[in-house]
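Notes to accompany the following structure.
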Amino acid sequence: MKPFPRAEISSSALQNNLAVLRQQASASQVMAVVKANGYGHGLLNVANCLVNADGFGLARLEEALELRAGGVKARLLLLEGFFRSTDLPLLVAHDIDTVVHHESQIEMLEQVKLTKPVTVWLKVDSGMHRLGVTPEQFATVYARLMACPNIAKPIHLMTHFACADEPDNHYTDVQMAAFNELTAGLPGFRTLANSAGALYWPKSQGDWIRPGIALYGVSPVAGDCGTNHGLIPAMNLVSRLIAVRDHKANQPVGYGCYWTAKQDTRLGVVAIGYGDGYPRNAPEGTPVWVNGRRVPIVGRVSMDMLTVDLGQDATDKVGDDVLLWGQDLPVEEVAERIGTIAYELVTKLTPRVAVCLA
């Protein structure tokens, strides 16, 4: 018997999306970003489906170690870098690359004793102003890294875009120009493009692209949908009806009596709530998919349940599946209705939701 709620992960969708991104950036290698438990899709699930990726990007050392323990041999890169000097021997032992973005990391690399050098990607702050060495610091930092015997040569170079998900915002051009001017003539790989860069800014593609959300079939751009680019949603979030009730006009439903029926109808109660990661602030009218049609959420989302208006003539039954988002109901649409982004929806599912390959 299938569990519910469950996140059904499509291996064929993941593979399709990788192929689409390869075609989009045919001269680049692909570093598939699988941080945050593979964007909620299951870290090892995703990595095992994407065996043809050239490498994987992660946020935490623990994620990289999990991939190595799971048999993944591809290049791994810690996108936030290491946090402690005691991390460095683990990078060496497990052949894990690291981003360097801060003075404190350089000091640790200069002071630690290692059995072999670490592969480093120096992050340049080209305009996002979150992580990275500034243009003013770059020459000095680069020289220190080149002089450090604990760092493998060549040093690779990277940056991150602030506004690439706004295709008409030319700040991305400004960032590309700053990065390219600063790093001109230096050896090593270059990586600039995230999902939005790969899809919308072909000049940013470089030696490696670092797609995240697009791998999961989701567009990084507000108002857009991954299917417009040939991407396929990789997650179907599914639960089921646990009650179907006749409901009279002018009667409320749920906590706070937030919603009142305008006419006689049939309500369905769905076994999913904010305890599973479905947002409590989903407003009235947020769609779910039941038996081939959209129906609206009514009343407040509670911890374990939400209620939908099935309609006066509904024939839906207890036990029928309910799709919260996925191939028939894009997560981008649900996120826009709720007032958030698809990234947040897919990554905030709680452990009560079974994640399984479909």
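Cβ atoms are placed via backbone N, Cα and C, with glycine included.
If you look up Swiss-Prot, you'll see LYS35 marked as N6-(pyridoxal phosphate)lysine, on the strength of sequence analysis. What Swiss-Prot lists as active site, proton acceptor is LYS35, TYR255. The feature substrate binding site is assigned by Swiss-Prot to ARG130, MET303.
On the structure: features taken from Swiss-Prot.
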residue: LYS35; record: N6-(pyridoxal phosphate)lysine; Cβ neighbours (10 Å): 19
residue: ARG130; record: substrate binding site; Cβ neighbours (10 Å): 9
residue: TYR255; record: active site, proton acceptor; Cβ neighbours (10 Å): 10
residue: MET303; record: substrate binding site; Cβ neighbours (10 Å): 10
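Counting only the Cα atoms, the space from LYS35 (N6-(pyridoxal phosphate)lysine) to ARG130 (substrate binding site) is about 18 angstrom. A separation of roughly 11 Å, to the nearest angstrom, links the Cα atoms of MET303 (substrate binding site) and TYR255 (active site, proton acceptor).
If you measure from the Cα atom of ARG130 (substrate binding site) to that of TYR255 (active site, proton acceptor), you get 41 Å.
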